[in-house]
């Protein structure tokens, strides 16, 4: 396999996008630590910005540098709730979601309940003064405050009911309230300035109560849908971990994907709040699962898979290979970690960006179409989140992949030692000088000092405080009956007596601070530092710091452990044996030294502690019979499942193949012939043995690469196709292509399906020939056919019994079941149905003395030439025909029509009859059938009956008419070898892979038609070469090879 990765040939836009992505990824991967730190710090700063605006106080109105700003009356209505009372509600309070602006003539019956929260020990003495000062102002009336409405014992509350139309004037009037003492006054605090370092707990408690309230009043269907959405989201996350585990990472890559997504969401939320786009927390709670389900984690998985594929191609599964014609320096440059990431981006970057653009475009369209709805706001947030996620994928996550590959390279044998010997200062593909390290240390220390200086600087908070205060999330709505129960009760009594419908808007309590001669008393109770420091003092801030500390410790430990991997070679040899999954396979012919006695290795194997067993020790266990050769895959899979290292099932199977090769090479009875198998040119790496295990082959020691060509294109039933052919016979594909060209000149080939039914013929034994004859009569009767068909059809959705053919030989009875099998070739399907049908025959037909000699009595007849298949057909019965113009026969086939007709009669008809041929009235149909069978994963043995073919030619109006009739074509598009990746790709080439979505069996029938058309092309070209006398010359020119050489 050529390890050189070739770049695609993209179009203009794709080329420019890929080039830009290469530059971005290359820069990020060559400075991984910088990229990780900048991303983490940016996300942390944005996270604190969101917390600052949402939960905590910036107190910009209380700071000595604050500017006087006009009162934003509308902001005090955030979180308010309106209730109504009247005859329509049977004089009971109910939540009223209508607009708060009343209709004309009803303003007197729309009240606002305002609670003033006044701090300070002297407030009790000032309450009479305040009541007299504020009562009657703009129609305000004092009501009895609700008990426990104050947040702390040293706070007092005053409640007023104000006509809603006078609310603006009332709030402006109470912005500053004088105290009974001349030096004291209360100043109104903006809703955005509420809170303290303890407000996060209050916010969480309020959010929990609000959540319970919404759950209590929500519809059951809504709760079920939301629950299912979160369940599906969690399943998506679990699927991410499973896929990453399959790719070789148990935890860290999947966790990095989730961390990158969390960073993207935090940054997107920060941008959204900065743009003054309100974010509805309820819609956010409901919408995030659908965003995760819609977008998923396919793009990070796609990039990860591409990176691993490129690294595998360049490093050759642990052995660095130098491609032919490339110098060692070029190879070394191609194998640098950043270059690997860039090559992966060349392959998949454009497709990932295209997917991102489509998703972002759809979300942006939703934001534009619904700019004032919560759905539009969520689309705005989701679009920004996806855009930032795309940026982080090619920077932050690409850097994580770079670190992962670097650790893998360091831990691989010879990785760090060889690199250090030639490039002692190369890290992440970037040459690092000692002076650069010194500068990096100085910058780190200087940045640390600068951060602390900014934390203590008022200028920092003056700038950042004004910026952070703009991004807030809407608060939780107030509970009217909890905050203003007494006021609502008084209004209720008045409205009930007067009989007027009344609406009341309950505002959240207005927070005040007590100032004395310009000194903020409340401010002295706060922490010394505002801004970011408050965020760090909050419980969530502490949790984030602890999480960052844990991640830092784990990452440093991982990197230090990787660096130590090669520091102590002897310790590494004991910790990572030669048989580990990252090691280079051992040589079977090299002298081996067993480090442990056989008894110890056997004990480890029996006690399920075989993780430390090396390849050589496992080979010795195989040779001593402690591990059966056929069960190596199961044994290695069990060892991998209990391993502490991340070992995939595919890696376990590949290791099993490697060990089996070594065991076969060392088997004493065959060592004189098989000793070179382990180091032979038979390949075994880079193959998906998971598909082979339990399905296609046992005792696997590798795979055979078979040359694959395509003939055509050929027009078959109006559709042009390339026909894949796997063969080692020269001229075959070229000859078929010439036949395709000639057939296309006449309009292409036409095919017909004459029959579709697979057969199985069991052999039954009876006590006497008379009982066998009675059984035959019962099977051929309508009752017998009905019983057998019912039992047979119940075994499969696709198997449907068509006909029963019965033959008797003495006491033996042969029944040939013919049935449809869908898109499968169907031998297993029909065997299961025959077994059940015979059970029904013995039980319901009255033949308990019947004995099944064999399920296949050669009356099928399977994998052998038989007249019953030639006459009655088996599998698909297909005919393909074409008409070739006389001019094409002369120009392309280099012969004439009459010569071809005569040759076909003399050779294919008379000659085959003289030889007593059975189904062999053709030139070389088996050649074409077998080549297509091997290419598409069909059963090679069934080439025997599938190649039964008669070729006919006739001169019609001077043109050549040619046809092939093949009564027993046995093919399928599911099961067997069609599950292998390469063979499945060839079925994709023909458009017939898998089961047909709407018409069962259509893909298999189409494949049979294609094989018959390929035989038609091969027959035409070969007969023409024979007629023109070119066959020998063609084979001498194209089918001659030099003697085989053995690579040393």
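Glycine is no exception: its Cβ is also placed from the backbone N, Cα and C atoms.
Per Swiss-Prot, the features are:
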type: TOPO_DOM; residues: 1-32; note: topological domain 'Cytoplasmic'
type: TRANSMEM; residues: 33-53; note: transmembrane segment
type: TOPO_DOM; residues: 54-220; note: topological domain 'Lumenal'
type: TRANSMEM; residues: 221-241; note: transmembrane segment
type: DOMAIN; residues: 222-403; note: domain 'SSD'
type: TOPO_DOM; residues: 242-250; note: topological domain 'Cytoplasmic'
type: TRANSMEM; residues: 251-271; note: transmembrane segment
type: TOPO_DOM; residues: 272-276; note: topological domain 'Lumenal'
type: TRANSMEM; residues: 277-297; note: transmembrane segment
type: TOPO_DOM; residues: 298-348; note: topological domain 'Cytoplasmic'
type: TRANSMEM; residues: 349-369; note: transmembrane segment
type: TOPO_DOM; residues: 370-377; note: topological domain 'Lumenal'
type: TRANSMEM; residues: 378-398; note: transmembrane segment
type: TOPO_DOM; residues: 399-439; note: topological domain 'Cytoplasmic'
type: TRANSMEM; residues: 440-460; note: transmembrane segment
type: TOPO_DOM; residues: 461-542; note: topological domain 'Lumenal'
type: CARBOHYD; residues: 470; note: N-linked glycosylation site
type: CARBOHYD; residues: 520; note: N-linked glycosylation site
type: TRANSMEM; residues: 543-563; note: transmembrane segment
type: TOPO_DOM; residues: 564-1048; note: topological domain 'Cytoplasmic'
type: ACT_SITE; residues: 729; note: active site, charge relay system
type: ACT_SITE; residues: 863; note: active site, charge relay system
type: ACT_SITE; residues: 939; note: active site, charge relay system
type: ACT_SITE; residues: 1035; note: active site, proton donor
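Summarising model confidence by region, the topological domain 'Cytoplasmic' (399-439) averages a pLDDT of 54.
Residue 729 (active site, charge relay system): 16 other CB atoms within 10 A of its CB, across all protein chains.
Take the CB of residue 863 (active site, charge relay system) and look out to 10 A: across all protein chains shown you find 18 other CB atoms. Residue 939 (active site, charge relay system) is surrounded by 18 other CB atoms, counting those within 10 A of its CB over all protein chains shown. Distance between Cα atoms for residue 729 (active site, charge relay system) and residue 939 (active site, charge relay system): 19 Å, as a whole number.
In terms of DSSP helix, strand and coil, the topological domain 'Lumenal' (370-377) has 4 helix, 0 strand, 4 coil.
DSSP assigns residue 863 (active site, charge relay system) to coil in the three-state reduction, placing it in neither a helix nor a strand. The CA atom of residue 939 (active site, charge relay system) is located 10 Å away from the CA atom of residue 863 (active site, charge relay system).
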